[in-house]
Amino acid sequence: MPVTAFVIALAGLAAAQYPAYTGELLVSPGRNAGKCLDAENYDGAPVKIADCNGGATQKWTFGDNYHVKIHGNKCLDVKDGKDANGSKLQIWSCNGNSANQKFWYSFWDYTLSWKDRGKCVDLSGGSVENGNVAQVWGCKKENPNQVWTTGYLSSDPPQTSEKGQYGTNQCGTESSQTSNCQTAWINDVDDFCVWAPPNGGEIGNTEREVVAYCTKSGRGTRVIPDGTLKGVHFVKTKDYVQVTGTGDFTKIGVKPNDDGGELDPHGADGNGNPIGGLVYGNAFGNNLQYHEWTSFMSATEFCFRACTGPNAAQNCQHIYDVMGCRWNMPANYDAGTFESCDADNALPMGIYGTSTWYQGVKPTPAAHPIPSSSNCRTLPTIASGPAKRDHKRRAYSHDN
């Protein structure tokens, strides 16, 4: 990481009391992005798991004084202030002096900590069953029960989701080649988006401003012109969807001969490349937000993986930003084929047995092998067309 990026990252870390996203937020357990923290509007209401619906009982704001608010002036609160493992969470009228209501969010690892207590908001028993009441538990690094992502329903995004955003997330339904929509979708071989410069240029110079170009119209994005894509290979595993391929991406503004760059929801300061970029899909549920994703884009090649579930961060690692598509996402990149398959998970980027390789360390290891795939179907080509509102790829059927 360059020195300037390191300084920015430190500054972001110091300010990581809040999520990178702004406004009223859904808070979901890392184990299931279709579930949300929910609380009725009365003192003592339990903070419980429910299906995400975007209603008032699920819209949280992260404010001053370490408060996490809902219903205007109710705050996330540890019942009776007990700092024992297993103490349940409730909401209570906000009191600026109450230590029971002070929580600190880290957008680097998606944890929500009870300030100065060494406890984290925890998914009780690891269960995402509706009605399960959240608790506090001793913080433990990489505990999947302590991962809490924030975001929005695809039907109710803000105008902009992050400060400093170039474009918008309220994209409407009218596609335009001048759209600055920064909401992308990944559903299948013929229904996905890529990121590209809004006004032309190199990916590395425009990574914070890139906008969505999609195969389907009707989501308010720009549309990938017919003939741009030369080969597309979509896979769905039990933990992620991935699309890889080749094309002439100068047709969507990528500078000729650009070796490309990496895009992800983190960036150097937690705001992502692009700032405010949101990714949704239907492969694991209806219009679910992918909180972990990684993509590479060049003038001739692309790859895009979006992950869900407890291992999302590992499967969508984003630190190998100069290694390119074929090292990060070993897959089929052949031109002339357009296919959609089930597949096994790839081995996590940079993990070799019990060792982790870090970018820049010599020697550079080879890419992992391409995972096995099955149940493939092929198309003769991919042409632009209207998005199907009920598009949902067939269920994953490969043996776990």
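Heads up, the Cβ atoms here are built off N, Cα and C, so glycines get one too.
Look at TrEMBL and you will find 389-400 tagged as compositional bias 'Basic residues'.
If you look up TrEMBL, you'll see 21-151 marked as domain 'Ricin B lectin'. In the predicted model, the domain 'Ricin B lectin' (21-151) has a mean pLDDT of 97.
Within the chain, the region 'Disordered' (152-171) has long-range Cβ neighbours (under 8 A, six or more residues past its boundaries) at 20-23, 25-26, 52, 54, 179-183, 198, 208-209, 211-212, 219-221, 271-272, 274-276, 278, 280, 287, 289. For 152-171 (among others), the entry in TrEMBL reads region 'Disordered'.
Under the heading region 'Disordered', TrEMBL lists 368-400 (among others).
Here TrEMBL flags 1-16 as signal peptide.
For the region 'Disordered' (152-171), DSSP puts the residue distribution at 0 helix, 1 strand, 19 coil.
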